[in-house]
Structure formats: structure tokens, C-alpha cells
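Enquirer: Quick paste from TrEMBL:
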- 1-22: signal peptide (SIGNAL)
- 35-307: domain 'CN hydrolase' (DOMAIN)
- GLU80: active site, proton acceptor (ACT_SITE)
- LYS179: active site, proton donor (ACT_SITE)
- CYS212: active site, nucleophile (ACT_SITE)
Amino acid sequence: MLPSQALLPAVVFALTALQALASDTFLAAVYEHAVTLPHPTEEPVPPSEALALMNKNMDVLEGAIREAARQGAHIIVTPEDGIYGWRFTRESIYPYLEDIPDPVVNWIPCTDPSRFGPAPVQERLSCMARNNSIYVVANIGDKKPCDSSDPSCPSDGRYHYNTDVVFDTQGKLVARYHKYNLFRGETQFNYPKEPEAVTFETPFGKFGIFTCFDILFFEPAVVLVNKMQVDTVLFPTAWMNVLPFLTAIEFHSAWAMGMGVNLLSANTHNTSMAMTGSGLFTPEGPAAYHYDSATEEGRLLLAELSAHPRLSPTYPPSTNWSLYATSIKKFPGENDTFSGTVRRDVFTFRELRHKDGNYTVCQGDLCCHLIYQMSNKRRHEIYVLGAFDGLHGSLIKYHWQICTLLKCPSTNLSTCGQPVETAQTKFEMFSLSGTFGTSYVFPEVLYSGVQLAPGEFEVLRDGRLKSKHGTSKPLITATLFGRLYEKDQPHPLR
């Protein structure tokens, strides 16, 4: 007979599982963490110093995990780089890495910490999950030895991987994911040889996991949703906001809607690097989100989500993203266009000169169509309809198709496409569509002050992004963001 202390975690887990199975929903949490960073150095610090820094961050994360569990959350996601930051060379990151085994080994670090060598970070994360009866998702670093028999083995004899781990309510390691699409500057890590499609089952749905930059690519993002049929994606990220289309909250919400899954997005918080924006996003829109560029504080978010969103009666119907726009005839004056740059991408723009209109603008194979009516057009505010069809990126190039209704920073048309966060003009209605050559299109609406517009727009089955009853706040952009994965160029570094 087991002692009562050993029975307690099992009883708590069983009750949690029964509660989850009794409902088609679950309570999810994400924590946006203001990370304590190490001092920049090219030389490795002593392991004790590295662990001390990581413990400082884990102290904060443990408080958020405990609070999420107290409020009934079944799972919590913490950010990419949330335990040790990002100021590293390949050499200096080594003391922060641990050997993370394949989850098939059936390991609970909290109760057997030395089974695979020193693993104080995994032990502590495992105990956070076990002691609070909650799934814990974290981002840490994995190290794997290699030798001369492996022609790809680095000169220092080891691989480093940017790695997500998941511990269940018993503290068992149930998932390990190696980031496949490294962002520029992540030279401390290696690219995995093959993409990983990591999933795991829970009493409240099938989960998949990937990290930050991965969301923009076919592997693993589309594979997890379309081939593996996950219900929810776990998404640790260190996302630097880039207006007008790639702020964390607008793109991550749009991605969840476009892919038809839940996305649990936990961002790091660092205003000097424009890092903020986390949320619990669903196929119907954001359930909860947070964007704060003014303070240096973390934030815990919780929301009840559908465990199986595809079975929900409110699940959005499939969309033919080019159906409506291909039926539109070209309108007079559509050649009255000019070029503008959004970062390094050259868009074709057309100014919206009147309070209402019916316009088309084309670039490459993409034609964008807009019907609109402004309710309080301000003379000093200029809006444009824009189209982009081409490769984006300097080193890593991938293909975008974008239709956008966009506010310009000033009346000088040469500024159109540059970042802007505030506006005063509201719209009585807008309807945006495009002749997209892809079924992967993500609908975004962003209001003044970098705010989302939950429930205020809809996507029709023929591919139109429409306002429902006008805009309640001034509009920065309404955008259809398409990805033509088949036109991406081969990765230059992998």
C-alpha cells in the first residue's frame, strides 16, 4: 500500500483529468516574462553563476505557475529565452545547457534528478509542474555530444539546440522540441538535421509545439496543424514587434484564425528590444491578450479555451481566399499608384483620396480590392490600399502575398509603410479581398494604440475581410497576410 504522501499527487492528477474530461474546455495560461539577463561575455561563466541567474528567472516563473494553478489552469506556457536570456556566444552559453533526453525514457526529473547527469533546471521545472499539478512549458538549451564520425559535428564536439520542454502534472517530461528555424543572430545554437513534428496527448486535447520564428514556415507549423491535426499549439517566443503587420498580438491572433487552432503565445518582455505581446488565441479571435511597451513588468494571462476547436459549433467555415476578388473587374484609375517600402519590401500603393471608395491595386500575380467608407476622415491622416507579391527577408527569403488597408505616418506619401501606432480616423465599413495564390492567409485588424479588434470583423467564405458594424476605434491597418510556402527559397544556412 502506498503512503498517503505518494497518493496525493496521483489523486490530484486524477481529479484534474476527470474535470477536464467532463468538459469540452480547459483553462490555459501564458506568462509574459521580463527576463533577468546575464552580463555580456564571450567567455563561459562558472556553472554555479549560470545556475544562479537561471534560478532568479525561475523564481519569477514559479510564482506565475503557482498563481496560474491556484486559479485552476491546466497548462501554462512560458517564453523563449525566459530562463537565461539571449546575450551569448556559442562558447558563453555552454554553462546554461543541459542534456535533455528523448521523452520516451519516461523520466520525472523531480523524483530522479541525476538519471541523465546534472539537470538542476529540468529538476526544478519538473517539480513546479508536479507540486502544482499543472502542465509546464518552458524554453531551455539542449547539448548533445558528437564526434568525427559525424561529418556535421561542430569543432567543439557538441550540438547546441534551442529547445522547448513540456512536463505533465506528475512532472514527467512528455515533450522535447528543437527549434528548426533559427532567427538571425542565434549563432549559439545549431540547426537540427531534420524538422521535428512534436505532439502529445492530454485529457484536454492534442497539443503541438514550436518556437518563435518557426511560425512563419511550412515545417513545422503547417505540418503540425494539417498533417498532425493538433487542437492547440504551444508557442514560446521572443518576438520583436515590427509594425505594420508583424506585431506579436496581431500576427499570432491572425495565424490562429487562419490555421483554425488555438495558439498559446508567451512572449518575453523587453521594451528596449520591442519585445511584448502575448495571448491566448483561438480560431474565432483572441480570448485574452496583452501588449505593453511602457513598463518593464511581466503579465499572467488566463482564458478558457475549447479543447477540440474543430468540433465547436462556432468553428469558422473553410475560406476560398481568392473567390470574391477574382470576380472583380478592374476599376478606372487603378494605375494611379506609387511605390512605397515596408521595411525592405517594395509595395504598390494607392491613396484613398475620398471618404468612401471602391479600389483595386495589383502587384505581380496579386490584385487587392477594397470597398470602404470612413466615418470621420481627418485631413492630416492618409490611408492607402497596398499590395505586395514577392520574397521577403535578407538572408532567409520566404514568399509573401499581402493586401493591406494601411495608415501612413504623415501626409507625405513617401512615409507610407513606415511604422505608426496611433490614428484618429474610424471606418463605417471596409471590405478587403485579394486574388491569393495560396490557401494560407491570415486576417489582421489593428487599432490605434496597437489594440486588437475581437468580434468586430469577420472573414466570409469567399475571402472577404469585412468589418461587422464599423470600427469602434481608429484604424491602423486591416490586412490579409498570405504565405506561398512553395515559392520559398532554400534555406542558405541549413
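Along the chain as shown, residues are numbered 1 onward.
Here the Cβ of each residue, glycine as well, is placed from N, Cα and C on the backbone.
Please treat TrEMBL annotations as automatic predictions, because they have not gone through curation.
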Enquirer: Below 8 Å Cβ to Cβ and six or more residues apart, same chain only. Which residues does that give for the residue listed as 'active site, proton acceptor'?
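Expert: In sequence order, the residues whose Cβ lies under 8 Å from that of the residue listed as 'active site, proton acceptor' (at least 6 apart) are ASN139, ASN162, ASP164, THR211, CYS212, PRO236, THR237, ALA238, THR268.
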Enquirer: Sort out the sequence-distant neighbours of LYS179 (active site, proton donor) for me: same chain, 6+ apart, CB within less than 8 Å of its CB, listed by position.
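Expert: TYR161, ASN162, THR163, ASP164, PHE189, PRO192, PHE210, THR211, CYS212, PHE213, ASP214 - these are the non-local Cβ neighbours of LYS179 (active site, proton donor), listed in sequence order.
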Enquirer: Around the C-beta of CYS212 (active site, nucleophile), how many further C-beta atoms are within 10 angstroms, looking at every protein chain?
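Expert: Around CYS212 (active site, nucleophile), other Cβ atoms within 10 Å: 27.
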Enquirer: What is the average pLDDT across the domain 'CN hydrolase' (35-307)?
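Expert: It averages 97.
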